[in-house]
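> Here it is: the structure, laid out below.
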């Protein structure tokens, strides 16, 4: 890769660099300030004791805990602690299985005066199903006052693991063996596809999850969507209906207009509670506690449906305003550390120009704040060491590129220019890879905007306005651009209501502006001396 002579930036260009970074810092501060303002969310009419009807309880929230490991076992002491916390806000919990130590839940709930929707997990293997159902029936018979109902199977028809006829057999067995009510739980569309199951249950248990609908619902339409679905179900079924799952995620990938966020989670749940009061619905919210293991199945969003986080701290209250961010101290500290780091670079590079020092102060604060936001993204998105290495390595690349750009500005040399070109080329290749993956495997994959935003913004500006050339060879710039822009446009085509897709398209456009070869300039003719 040939590197032409590298010139120092003029005073005019250095001031451009400073003004850009100051503007970037002010914009970032303004965005964070707006994102931290308390939001007034609908105030639902709650029961006199303030307790809600029921909530899904899964105790797999500590590191290493997962129901996918058949050897997992939850200790009774943990269940006691969890239910003690949940009993302050809920009258009931729903569990999905009685294996892995969960058979203790009804006993623990009885001590606290709580009730339980007892689940018997039905899967592929008939022998396992029989063992699970027999244990659930015996528990229901042992705690008839605590067990509100026995839920035989959860979304079994949705997963295609049993036929309707097989489910009828399991339900009939449960009804003949216990006196507690018996039901089956599935998404509302599958209940409408299998209405004959109504004859084999005491009430119909449906899941209504506006975020996961085939046509995802925006938060502004989610409540009305539940009302519409319940109206359809009331026309279809004669027996009582329990909303067995409904909720909203606080973190994760946006699907069309359906955006996970703390404010949207609080808004949906509060709005739903008000609708439940007005329509006298029976309900169970999903879910009590964040479930990190679900990220392996559903991506980032799967782990953040909890009303409580993994420290058993409520994410929000059901009355009063909602504070969407609680990390102002960490943001300020990160910005200050970044500023100190970049002032250290100014000293190391023996920078004297006031314009450069001012720009480095602003750039350092932006660097520090961006690093904190990236860490938050990585902590929520990375599910294993491979992802930590890949995405963490990408974040590290961005940090090194930013420091390299400062080095290039303060001490221009061909060596620095060559390193920057190589780093930007790797960044561009990673952006192409990420965009293609969003197309072929996008349902559970996040838009990694926070990892790319700062380096792309800086290098597109540096290429266009500071005359810092980080372009690859012409053919490679054309090739990368020819893949990146059509792929990013296709992401928008797939989700026209997803604002993240438009942000990603914008970043890809700036990446292409950085890569696009400069127009050829006529070379001056020289005459040889004779």
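Just so it is clear, glycine is given a Cβ too, placed from its N, Cα and C backbone atoms.
Note: TrEMBL annotation is automatic and uncurated.
Per TrEMBL, transmembrane segment is recorded for 331-349, 356-376, 388-407, 419-439, 451-468, 475-495, 501-518.
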> So which of 388-407, 451-468, 475-495, 501-518 is most in touch with the transmembrane segment (419-439), counting Cβ pairs under 8 Å?
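Looking at each of 388-407, 451-468, 475-495, 501-518 in turn, the most contacts to the transmembrane segment (419-439) are made by 475-495.
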> Near the transmembrane segment (501-518), which same-chain residues lie under 8 Å Cβ to Cβ, leaving out any that are not at least 6 residues past its ends?
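Non-local partners: 424, 427-428, 431, 435, 438, 447, 449, 452-453, 456-457, 459-460, 463-464, 469-472, 474, 477-478, 480-481, 484-485, 487-489, 491-492, 494-495.
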> Using a Cβ cut-off under 8 Å, which residues of the same chain at least 6 positions beyond either end of the transmembrane segment (356-376) come close to it?
14, 17-22, 24-25, 28, 32, 327, 330-331, 334-343, 345-346, 395, 398-399, 402, 406, 409-410, 450-451, 453-454
> Apart from its near flanks, which chain residues at least 6 from the ends of the transmembrane segment (331-349) lie with a Cβ under 8 angstroms of it?
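Apart from its flanks, the transmembrane segment (331-349) reaches 32, 356-357, 360-361, 363-369, 371-372, 403, 406-407, 410-411.
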